Amino acid sequence: MSDPLSDIEWRVEPGQVQYRTALDAMDARNAAIAAGDARELIWLLEHPPVYTAGTSANAAELLDPRFEVVEAGRGGRYTYHGPGQRVGYALLDLRKRGKDVRRFVHAIEDWVIATLRTFGVESWSVDGRVGIWTKDIDGAEAKIGAIGVRVRRWVTMHGFSVNLDPDLSHFAGIVPCGIDEFGVTSLARLGISLAPEEWDAALQGRAGQFLAQLEGEPL
């Protein structure tokens, strides 16, 4: 059986990457993939504290811009990235995967949900409410992961973030993804101590299922 990742670069960044640097790198790689000059890429990394604005961002939801605010070009509204949060960028060519953006988003969601389940965390997506959700320590529903994508020339950009152990107070500077009636949580808040390497390995272990789902197979 062939390795589903054999034609895809799997890159794990050892240190923090400035958000603008990552954005420029994604733009260049997107163009190269679309032109047939580069392999597809799944990129795992961490950013210094930053607020990013999606194409639907509402300035009223930027409550306290204590960190740099960067226009991301992805769909969605404001989100926060910072230390303790694992970010995954997927630059994949949908021209050979049915050109189905909705299926791509659902596959990303299911990939994150399946990986969280590895560590005993049940999570879910909700129609009309962007993100990955779980039950917080007080029993209330809270966001543990964010989803935001862009597709240009049928090549995807951006992807997801999952809260391993970020400073959750940093989310108070925005209304995360425009949803103010729910809180934000993390694996650490749920009592699970997890190194980024452990998360990355579990995610990679489910990458084949994620790619199969992009081909139209159920996860």
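All residue numbers here begin at 1 and follow the chain in the order shown.
Each Cβ is built from the backbone N, Cα and C atoms, and glycine gets one as well.
Worth saying up front: this structure is predicted, and the values here are computed from it rather than measured.
Quick look at what Swiss-Prot annotates:
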DOMAIN    36-215  domain 'BPL/LPL catalytic'
BINDING   R74, G75, G76, R77, Y78, T79, Y80, H81, A146, I147, G148, G159, F160, S161  substrate binding site
SITE      K143  site 'Lowers pKa of active site Cys'
ACT_SITE  C177  active site, acyl-thioester intermediate
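The structure, with features from Swiss-Prot marked on it.
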residue: R74; record: substrate binding site; contacts (Cβ under 8 Å, 6+ apart): T52, G54, T55, G148, V149, R150, M157, H158
residue: Y80; record: substrate binding site; contacts (Cβ under 8 Å, 6+ apart): P49, V50, Y51, T52, F67, P166, H170, F171, G173, I174, P176
residue: F160; record: substrate binding site; contacts (Cβ under 8 Å, 6+ apart): V87, G88, I108, W111, V112, I132, G145, A146, I147, G148
| request: Please report the number of other Cβ atoms within 10 Å of the Cβ of Y78 (substrate binding site). | output: 25
| query | Over the residue list R74, G75, G76, R77, Y78, T79, Y80, H81, A146, I147, G148, G159, F160, S161, recorded for substrate, what is the maximum interresidue Cα distance in Å? | reply | 16
